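Trainee: After the structure tokens below, expect a handful of questions from me.
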Amino acid sequence: MAFVTRQFLRSMSSSSSASAAAKKILIKHVTVIGGGLMGAGIAQVAAATGHTVVLVDQTEDILAKSKKGIEESLKRMAKKKFTENPKAGDEFVEKTLSCLSTSTDAASVVHSTDLVVEAIVENLKLKNELFQRLDKFAAEHTIFASNTSSLQITNIANATTRQDRFAGLHFFNPVPMMKLVEVIKTPMTSQKTFESLVDFCKTLGKHPVSCKDTPGFIVNRLLVPYLIEAVRLHERGDASKEDIDTAMKLGAGYPMGPFELLDYVGLDTTKFILDGWHEMEPENPLFQPSPSMNNLVAQKKLGKKTGEGFYKYK
């Protein structure tokens with residue numbers, strides 16, 4: 001009797017696992033909205049892993065620039081990866097680019113896609129308008145995902161009729177190099193959608209981690225308050241920015257100090273995230289604005305990209 005019971009339970013378990021696996025969507029066709037640094041990076045890694053990818057932006061000029069950047073990135077990767085076999089490197093670049101196409105008409109391509117990844121400017125109104133429009137044209141099974149780093153996924157998903165097929169996919173810059181992807185599950189995101197996205201991230205060679213739809217998710221929720229506290233330490237005159245950076249590199253083992261990292265990321269980017277959180281939770285001491293950072297942003301001193309931030313760059 002015990003043997004029969006074990007066999008029955010094993011059979012039920014196998015059937016259940018097979019059924020659950022069958023429910024997941026195998027993502028083969030990906031549409032990336034936004035040809036900027038993040039969107040182009042996401043498109044590149046998806047194409048490099050054999051997915052059919054369409055990169056969408058407003059103009060052909062933007063897309064041409066994006067595709068050129070992707071090609072240059074692939075050539076650099078091929079040179080490092082295929083040092084002993086340049087021909088294999090050329091084939092890798094050619095094969096990846098053959099999986100990638102571009103379009104200025106998102107509505108015309110989403111009807112046949114498995115996944116839409118949005119990587120446009122961090123503006124809730126624009127994201128809502130985009131997804132509300134795409135929702136009318138996308139296939140029933142299509143999953144929507146936002147690469148937002150600061151907005152809540154629920155507030156973006158509410159513009160659609162597919163909240164159960166909506167989640168966050170937060171990649172990190174530079175996308176081809178950074179292994180981490182935060183998969184954000186809202187209260188409405190189905191388990192099928194979540195598992196499909198986790199599997200997709202793994203096919204990209206990434207390491208997915210899961211987080212609820214909380215401000216900043218995991219990395220930014222820990223990182224931004226740390227960066228701002230370093231700025232406050234400097235604002236109070238407790239230590240110089242140089243000594244703070246040195247202390248965190250030599251004492252905590254961080255590869256970059258907080259001021260170096262702020263300049264690398266862009267002061268405007270960090271300010272945008274902090275301002276959004278402060279608006280949501282004005283009494284939270286972690287989210288209070290930084291006068292010195294606000295002053296630098298007002299002067300357009302945004303970090304390395306403008307030649308000056310907390311430090312000056314030649």
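Even glycines carry a Cβ here, placed using N, Cα and C.
According to Swiss-Prot, the record shows the following:
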TRANSIT   1-12  transit peptide
BINDING   GLY34, GLY35, GLY36, LEU37, MET38, GLY39, ASP57, GLU122, LYS127, SER149, ASN173, LYS305  NAD(+) binding site
BINDING   SER73, LYS80, SER149  CoA binding site
MOD_RES   LYS81  N6-succinyllysine
MOD_RES   LYS81  N6-acetyllysine
MOD_RES   LYS87  N6-succinyllysine
MOD_RES   LYS127  N6-(2-hydroxyisobutyryl)lysine
SITE      HIS170  site 'Important for catalytic activity'
MOD_RES   LYS185  N6-acetyllysine
MOD_RES   LYS192  N6-succinyllysine
MOD_RES   LYS192  N6-acetyllysine
MOD_RES   LYS202  N6-acetyllysine
MOD_RES   LYS206  N6-succinyllysine
MOD_RES   LYS212  N6-succinyllysine
MOD_RES   LYS241  N6-acetyllysine
MOD_RES   LYS241  N6-succinyllysine
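I'd like these features described in context: how deep, what's nearby, how far apart.
Mentor: For LYS127 (NAD(+) binding site), the number of other Cβ atoms no farther than 10 Å from its own Cβ, over all displayed protein chains, is 21.
DSSP assigns SER149 (CoA binding site) to coil in the three-state reduction, outside any helix or strand. A sphere of 10 angstroms centred on the C-beta of SER149 (CoA binding site) encloses 22 other C-beta atoms.
Sequence-distant contacts of LYS81 (N6-succinyllysine), defined by Cβ-Cβ distance under 8 angstroms and a gap of at least six in the same chain, are GLY89, PHE92.
When secondary structure is read from DSSP and collapsed to three states, LYS81 (N6-succinyllysine) falls in the helix class.
In the three-state DSSP assignment, the secondary structure recorded for LYS87 (N6-succinyllysine) is helix.
Taking the Cβ of HIS170 (site 'Important for catalytic activity') as centre and 10 Å as the limit, one finds 24 other Cβ atoms among all the protein chains shown.
Cβ neighbours of LYS185 (N6-acetyllysine) (same chain, under 8 Å, six or more residues apart in sequence): ALA167, GLY168, PHE194, SER210, CYS211, LYS212, ASP213.
Every protein chain considered, the tally of other Cβ atoms within 10 Å of the Cβ of LYS192 (N6-succinyllysine) stands at 16. Following the DSSP three-state reduction, the secondary structure of LYS192 (N6-succinyllysine) is helix.
In this view, LYS202 (N6-acetyllysine) is surrounded by 13 other Cβ atoms within 10 Å of its Cβ, with every protein chain counted.
When secondary structure is read from DSSP and collapsed to three states, LYS206 (N6-succinyllysine) falls in the coil class.
For LYS212 (N6-succinyllysine), the Cβ neighbour count at a 10 Å cut-off comes to 12, with all displayed protein chains included.
Taking Cβ-Cβ distances under 8 Å and a sequence gap of 6 or more within the same chain, the neighbours of LYS241 (N6-acetyllysine) are ALA230, HIS234, GLY257, PHE259, PHE310, TYR311.
A helical conformation is recorded for LYS241 (N6-acetyllysine) in the three-state DSSP classification.
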Trainee: Here the binding-site residues are SER73, ASN173; which one has the lowest number of other Cβ atoms no more than 10 Å from its Cβ?
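Mentor: Each of the binding-site residues SER73, ASN173 was scored; lowest Cβ tally within 10 Å is ASN173.
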Trainee: Provide the three-state secondary structure of LYS185 (N6-acetyllysine) computed with DSSP.
Mentor: strand
Trainee: Given a 10 Å Cβ-Cβ cut-off, pick out the one of the binding-site residues GLY34, GLY36 that has the most other Cβ atoms nearby.
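Mentor: Sorting the candidates by Cβ neighbours within 10 Å, the top entry is GLY34.
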Trainee: For HIS170 (site 'Important for catalytic activity'), which of these binding-site residues sit within 10 Å, Cα to Cα: GLY34, GLY36, ASP57, SER73, LYS80, LYS127?
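Mentor: Checking each Cα against HIS170 (site 'Important for catalytic activity'), there are no hits.
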